[in-house]
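The structure appears below as structure tokens.
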């Protein structure tokens, strides 16, 4: 196996076979309020 991708393989790749997927955020960032509450809980 070489590190470089096989250009012939890339050229014959059919993009239409790819399915469109809806991106779902799995790890939404906590809100500022949540962060502040956790900070205060950790300090007490």
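Glycine residues also receive a Cβ, built from the backbone N, Cα and C atoms like all the rest.
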Residue carrying N6-acetyllysine as stated in Swiss-Prot, selected out of 15, 39: 39
Cα-proximity to residue 31 (phosphoserine), 10 Å cut-off, over recorded positions 4, 12, 23, 39: none
DSSP-derived structure type at residue 12 (SUMO2 cross-link), helix or strand or else coil: coil
